[in-house]
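Quick notes on the structure that follows.
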């Protein structure tokens, strides 16, 4: 089920994310799950813990909803900036559609006319490549990562379906660039003459220069694609709640990650109720009974995973102090009252 190595039956895995903190070779950590399960809170908290043991950590949101700013109470954008109160933890929020428009406009004034003529054709061609929005988001990430040196990068990904596309796009973009290169070889001279008649591409570039840049991007993506499939460098943390649909999504996600050869060996189960044995809340007890059923299923299905059980908290986890308290429970298991 997991691409991580199986452990002996008598070896009970810790119910924490300590193994991720201890694995110093990790460079890419993805955090994903169904919407509304506490994915952003978990990714922020994991990044906080990593900042204690790594020289530099970058937290990136690829979710169009962008909740990092809300979680930390600080505005982030497409440029990496330090999180208040930290000297080695930075964050950024990437808008995939904006990244795509930036690429098409190439920063030139003529970009405003890109909806017409050849520009419109190129835009249609670009958007016809499956997963191209995530691919452009990834290209934006690569630009940042290449210009700034971070020891480990944590991705707060979009809800499940988009996450899996996000992990596919290195391959998708490689194929798309190969097709564009083939088109260039066939129609390059004709396209260059048409471009020349229209004043060329924005920024004064010719088609060959654009394709050369894209080929360079393809090589970088190919290298990162190989890193994604290396369990020493990359892992995926699944986040869920103890309900049927969330568990179903988690199982589907783990199966797909395994098919992509991406390591996953940790699950964070959020929003758990732990009513005390003297509790008079019948609704709490009923919900706990339901949650326990799914927790038992998780324990049976994922015996070779680190499964972290996190309580439902009274207040929202927002701001540095609350995130730090939440993050402590990722490495020091929550001790519930006696049931």
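Glycine residues also receive a Cβ, built from the backbone N, Cα and C atoms like all the rest.
Checking the candidates 243, 300, 303 against Swiss-Prot: the one annotated together with 34, 35, 36, 37, 38, 39, 40, 41, 270 at the ATP site is 243. Of all residue pairs in the ATP-binding list (34, 35, 36, 37, 38, 39, 40, 41, 243, 270), the one with the greatest Cα separation is 19 Å apart.
Of all the binding-site residues given, namely 281, 284, the one with the smallest number of surrounding CB atoms inside 10 A is 281.
Between the alpha carbons (Cα) of residue 40 (ATP binding site) and residue 63 (active site) lies a span of roughly 9 Å. Cα distances from residue 36 (ATP binding site) to the recorded positions 63, 281, 284 are smallest for 63.
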